[in-house]
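Taken verbatim from TrEMBL:
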type	residues	note
REGION	A:35-55	region 'Disordered'
DOMAIN	A:67-168	domain 'Methionyl/Leucyl tRNA synthetase'
DOMAIN	A:296-503	domain 'Leucyl-tRNA synthetase editing'
REGION	A:559-579	region 'Disordered'
MOTIF	A:731-735	motif ''KMSKS' region'
BINDING	A:Lys734	ATP binding site
DOMAIN	A:806-920	domain 'Methionyl/Valyl/Leucyl/Isoleucyl-tRNA synthetase anticodon-binding'
Amino acid sequence: MSETHTAAEVAAPHRYTAALAADIEARWQDFWDEHGTYEAPNPTGDLTEGEGGAGLAQRPKKFVMDMFPYPSGAGLHVGHPLGFIATDVYARFHRMTGHNVLHTLGFDAFGLPAEQYAVQTGTHPRASTEANIANMRRQLRRLGLGHDKRRSVETIDPAYYKWTQWIFVQIFNSWYDPEARKARPIDTLVAQFEAGERATPDGRPWNALSAVERAGVLGEYRLAYASDAPVNWCPGLGTVLANEEVTAEGRSERGNYPVFKAKLRQWNMRITTYADRLIEDLDGLDWPEAIKLQQRNWIGRSEGARVDFPVAADGDAKITVFTTRQDTLFGATYMVLAPEHELVERIVPAAWPEGTHDVWTGGYATPTEAVAAYRKQAAAKSDVERQAEAKDKTGVFTGAYATNPVSGEQVPVFIADYVLMGYGTGAIMAVPAHDSRDFAFARAFELPMRCVVEPSDGRSSDPSTWDDSFDSYEAKIINSSGAGVALDGLVVTDAKAKITEWLAKRGIGEGTVNFRLRDWLFSRQRYWGEPFPIVYDEDGVAHALPESMLPLELPEVEDYSPRTFDPDDADTSPETPLSRNEDWVNVKLDLGDGPKQYRRETNTMPNWAGSCWYELRYLDPHNSDRLVDPAVEQYWMGPREGQPSGGVDLYVGGQEHAVLHLLYARFWSKVLHDLGHIASSEPFHKLFNQGMIQAYVYRDSRRIAVPATEVEERDGAYYYQGQQVSRVLGKMGKSLKNAVTPDEICAEYGADTLRLYEMAMGPLDVSRPWDTRAVIGQYRLLQRLWRNVVSETTGEVSVVDAEPDEATLRALHKAIDGLSQDLAHMRFNTAVAKLTELNNHLTKVREVPRTVAESLVLLTAPLAPHIAEELWRMLGHETSVVHAPFPVADPAYVQDEAVTCVVQLKGKVKARLEVPPTISDEELERLALADPAVVAALGDAGIRKVIVRAPKLVNIVPA
RNA sequence: GCCGGGUUGGCGGAAUAGGCAUACGCGAAUGUCUCAAACACAUUUGUCCGAAAGGGCGUGCGGGUUCGAGUCCCGCACCCGGCACCA
């Protein structure tokens, strides 16, 4: 103790202060670690021990999970732990209501930032990542989060990524059987080929194919496959990216570099085979509708038809289009191929046909020149430019004509970049009268339009008079009769069905479903990721490593930095850091047919890989024989009542993962389920998106952020070093100079105060601004709580062994009831408010009865566990409050003895009556009409009607 | 452009199921304690009129349903998020 005691310290030497909080918190954090307080028992395996391990079968379980953090070098700011605190409160509440609760936290530690940081500072990514993890573990421990530390995983741990690689091998060694609607081992497909049940592409028997040919055939089926395909190449990052990692502006999500299309040999996951199931199974999940919708939109299912248009000059060639409006086939007056479409070379004639319109040729002498020029121009265009020019349609005539299969009409074939190679078949039939894009193109190129859907908005049926196309699903089809089929008079849906059937009968089309979703590009030209468990033999055939060779550890290399290029130089190609280690790349292995020379795959997996399945490893983190013990997985995640697909009971994280991580994880889950490795077919049953904690950003006249803590407010304006600065709400972060760390708040008030503040700020799913000033409110609450149980002068427990009075009992049971419901439904902000109300009530009671104090402490425990443990111990309990039973409300005290009934006159409150809650309507009406204030307000006016809602309301309507 | 979410005091927010608008907290004002300040504690705090009693007005804007609307319906404005030439 120092010499200079403040007056308050002298007057109240045992007040709850930051120093006392720090002492309490450190002690209990040590206690929890020593006693394994948060260890949840498994039904079998090495983790059957754990607090409350007995009677596993009788107790409900709860698997509560956060999206695990990426260990950034900047450490945590107060925004990061919001979700962690929420799940912790939720987990603690469920422990106290008798659940076996699994709650832990790992680290998603492979990925670009660690590597970029490592390159900048010259440290190995493992070293910087481990240091970051250690720092974050320290910061998180300070918050008193009740994690089962035995179960924490790190994706960079070889013991962990052994199983990431193992899962990759499972996916590589399977195919999707559309009949069974599930993934099956690739052997079952080979068996079909061998037995001749399934024909090879060229019809030869399976055993007549060479090993290379067989590998090629199987590659068309494997769920993980390498292929040459146009991919997103980002020279600035030196790697290729998944579609999901490219922004709408055609730039990289990380780093914001330009992204180009380049044809490269890359690994992919056949996620498209699961498109339907990924949509269907959303129905059984308890997810925010907004997120489900985003996933549905991303997968983008659309029903339509494929239709073949024979090329007029080349009887064998046909252009297959995908359309959702096959009912408008009679209105198709031209066709468009994507510029890259492979049919283009084949159909282009030597010369322009007789009478070719001038605007169609682009001013070139021959179709070949025109097409080549347009292709070049289109390829050079970035996605940004392409979108900016979306309204100005460009294109060029190929010189070829195709035959409309229903009208027999010859329609010109164009190429134009408004048709995308990656969607549908890369070719469309253009119906300018009923599609706005085709309409714009037809206007620009003076192409004919035919109205085949009767306009229902009063316009004429002559498209030449229109400003835009007409689109309706309720309208009737017109002008659509021809060779063998007539659609006139049918509404759109009926016309679709009829024409689809007709096309199918003729073998020139069929009803089909198309998806926006593409296969998932799975390889990266990076060092800091999981190596692929794949080697290539001398013929270039890929082989998966057997389980006995896993994990395939990430080798040391001289230079782990990616080869990056001028961000704008599209004519570059990636170089993998792993390829620089020749000793590692070239290996002699025995994969079952004797030692042979192989070459390793030198790409690494994307950073999503490790997060696609980590929930499973939490369950059985040390199992070296299996990914997860089936009995353990069944116990924690198996399907059950109301959770048809099984999964984690609660998963909390940010909205930014709506499609990426959540879609990938669902896909892996389904494959593992199909192959019989897990009982659950969805990883996360309930998903909750927490909002962001925002912070004010102050900028000076040069728009540069200034340190937020040094800004002063005067008369509604803000000043930094005398200069006025602007204020906007933004993200919290180091670069914006507005980050507040949990460490500083813990130092000033303690972790319990921080926890309460974050929970009290507002509903968990809403974003709101951080306000350091307001934190003190929760500090005061804890001081009041402390004072309600402990004397500030003696430090002794001050509760009395007396019966609580009626009002206190009602306040207590109301709080118990309110907190029970609020915590169960994750309404943490109102839970804190109710705890505050109870505390405020007890502050007014001179002496707090022991029984009430004990309940108060139990109610506090999920939210502020340290102070609750300390008070629980001081009240004489030997065991931790963590597993103490949460109080149960007595309904007799939840309801008020007297209810305030409002008496309204035409909806305006005129009087209040204190009445018993059981009062009858008749009695209440009598009382209300007799009330002097009501009589006075009513005056001479008669009564037309009286609405009585006993016991809360009477509304009188005067005549 | 399309889809989704939102708009309540000076601020964060509360309001089962259409029934007392503003719980709880911050801030502010006043007071107690203190030589003083800070802390803590107590009281007040939507707004307008009024000395008060009391009254008027109030949940983004305009309309509607209803005895009664922050809540339901129609139209509009603004803000935030997602998707975006997807055939």
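Keep in mind that glycine also has a Cβ here, set from the backbone N, Cα and C atoms.
Fair warning: this is a prediction, and the values are worked out from it, not measured in the lab.
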A:Lys734 (ATP binding site) CB neighbourhood, other CB atoms within 10 A: 13
What same-chain residues lie close to the region 'Disordered' (A:35-55): Cβ under 8 Å, and 6 or more beyond its ends? 100-103, 146-151, 619-623, 629, 631-632, 635-636, 880, 882-883
Beyond the flanks of the region 'Disordered' (A:559-579) by 6 or more, those residues with Cβ under 8 Å of it: 115, 118-119, 124-125, 233-240, 257-258, 260, 262, 264, 525-528, 531, 585, 600, 602-604
The motif ''KMSKS' region' (A:731-735): which same-chain residues, six or more beyond its ends, come within Cβ distance under 8 Å? 74, 77-79, 692-695, 705, 770
If you average per-residue pLDDT over the domain 'Leucyl-tRNA synthetase editing' (A:296-503), what number do you get? 91
With DSSP as the yardstick, break the domain 'Methionyl/Valyl/Leucyl/Isoleucyl-tRNA synthetase anticodon-binding' (A:806-920) down into helix, strand and coil residue counts. 64 helix, 16 strand, 35 coil
